[in-house]
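**Student:** First, the structure itself, so that you have it in front of you.
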Amino acid sequence: MATTDEELYPRKILGYMEGFLVSKTLFTACELGVFELLNESWMSASQLAQVLNTSEDGTERLLSACVGLELLTAHTNPDGAVLYSNTEMSSVFLTKSSPKSLYHSIEYSSRTIYLCWHYLTDAVRDGKNQYEKAFGVNSKDLFEALYRSDEEMVKFMQLMNSIWNICGRDVVTAFNLSPFKCICDLGGCSGALAKQCVSAYPESTVTIFDLPKVVKTSRQHFGSDQDERISFCEGDFFKDALPQADLYILARILHDWTDQRSVELLVKIYQSCRQGGGVLLVESLLHEDNSGPLTAQLYSLNMLVQTEGRERKGSDYRRLLTAAGFTHVQIHTTGKIYDAILACK
């Protein structure tokens, strides 16, 4: 018998309602180190509980839920003991040592973003970010709030590393950037996207322009494997002169800011950009009719609780770029999380 809408709708709504249970299960398993241990060998709930210093009952329930989420696999020994191990997905994306690990992204979501989302109702009412309520810090200076401690700065940089290790090549190869030999990545953090650039375009060099304390932290925590084609320059892209370049990259930058601040920055880039040069924007684009994609719609809510900005449509970015003087705006939707926009001077 076919399922009627009357039967389907409550299931759908309950699924939405219970989404946070899924997130928190993933967060907890990562935080406890479940996937690290089960990447090495099969273990029972009692063995894992002993290593993690957790209750056997609670551990068994967590492992069972992870099996249901296809994060773990289980089999029963001849003696009746249930043993658990990672699925391939968890070994690739949830262990710290994997080159494609999303562990730090999950950690940041759990300990920072999740706390801000507790105040989503207030954010919708007030129309502003909720750092003060979530963390007790003044958010007048957005990045002072975002980088409110050295530990928080490192966590954010690890988040960006995990994102660009997976998504970076797609966006830097969305267009042929080989004509741009001198590239400046504004707000480039530790250089994860810059590494993707020089990997895709070996003859190019990339200067990462970021706040002095970000550059210092990058060198301390992420500098051991720096490529000689990648360098750092300290400064505030709103206040200080920008390094001259053929191409400027703004990856997940403009979505932090209002239209007015975005145009202000784009004008500054246009004035610094060499003739024939350009700017590459990397953002999660909304459909022109605002019907999706859901990921971008949810990211836009996240911008509300965390920043001054929003996710935008391709036409919105075209308008901002044109207002700053750029022409020949090309928009490339990758079909993945992040899209690319290239505009030339």
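Note that Cβ sites are derived from N, Cα and C of the backbone, with glycine treated the same way.
OK, TrEMBL features for this one:
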DOMAIN    15-95  domain 'O-methyltransferase dimerisation'
DOMAIN    117-326  domain 'O-methyltransferase C-terminal'
ACT_SITE  HIS255  active site, proton acceptor
**Student:** Under 8 Å between C-beta atoms and at least six apart in sequence, can you list the same-chain neighbours of the residue listed as 'active site, proton acceptor', or say none if there are none?
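**Tutor:** In sequence order, GLU283, SER284, TYR299, MET303, THR307, GLY309, ARG310, GLU311, ARG312 meet the Cβ cut-off.
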**Student:** I'm checking region-level scores; what's the whole-number mean pLDDT for the domain 'O-methyltransferase C-terminal' (117-326)?
**Tutor:** 93
